[in-house]
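Trainee: Pasting a structure below so you can have a look.
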Amino acid sequence: MKASMFLALAGLVLLFVVGYASGSEEKEFPRELLSKIFAVDDFKGEERGCKGFGDSCTPGKNECCPNYACSSKHKWCKVYLGK
């Protein structure tokens, strides 16, 4: 059952790609499609001034984002639960 669902989904994806390729008049279609699929630079978020969960930090400095605190034991930002 799972294999047939996977094959059906793969077939639909293949049909979509072939349909898009036939409508495209560009000769560089395969390269362009692959570059769009694997372009991760577009999804990088803006750099922030504070460090988020799991980022390394120096205890005593206020480097972590709000609601996070630098763990003196592990030296990374974790959720601050208060006292």
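A Cβ is built for glycine as well, from the same backbone N, Cα and C atoms used for every other residue.
Pulled these from Swiss-Prot:
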SIGNAL    1-21  signal peptide
DISULFID  Cys50-Cys65  disulfide bond
DISULFID  Cys57-Cys70  disulfide bond
DISULFID  Cys64-Cys77  disulfide bond
MOD_RES   Leu81  leucine amide
Trainee: Comparing the recorded positions Cys57, Leu81, which residue's C-beta has the most other C-beta atoms within 10 angstroms in this structure?
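Mentor: Buried the deepest by this measure is Cys57.
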Trainee: Which secondary structure state does DSSP assign to Cys77 (disulfide bond), in the simple three-class scheme?
Mentor: strand
Trainee: Filter the recorded positions Cys64, Cys70, Leu81 down to the ones within 10 angstroms of Cys50 (disulfide bond), Cα to Cα, kept in sequence order.
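Mentor: So far as Cα distances go, the recorded positions lying within 10 Å of Cys50 (disulfide bond) are Cys64.
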Trainee: Checking your reading of the structure: which of the recorded positions Cys64, Cys77, Leu81 lie inside a 10 Å Cα sphere centred on Cys70 (disulfide bond)?
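Mentor: The recorded positions passing the 10 Å Cα test are Cys64, Cys77.
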Trainee: Which is it, of Cys50, Cys70: the one of these disulfide-bonded residues whose Cβ has the most other Cβ atoms within 10 Å?
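Mentor: Of Cys50, Cys70, the one with the most crowded Cβ is Cys70.
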Trainee: Reduced to three states, what secondary structure does DSSP give Cys50 (disulfide bond)?
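Mentor: SS state of Cys50 (disulfide bond) = coil.
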Trainee: Validating a neighbour-count step here. Other CB atoms within 10 A of the CB of Cys65 (disulfide bond): how many?
Mentor: 14
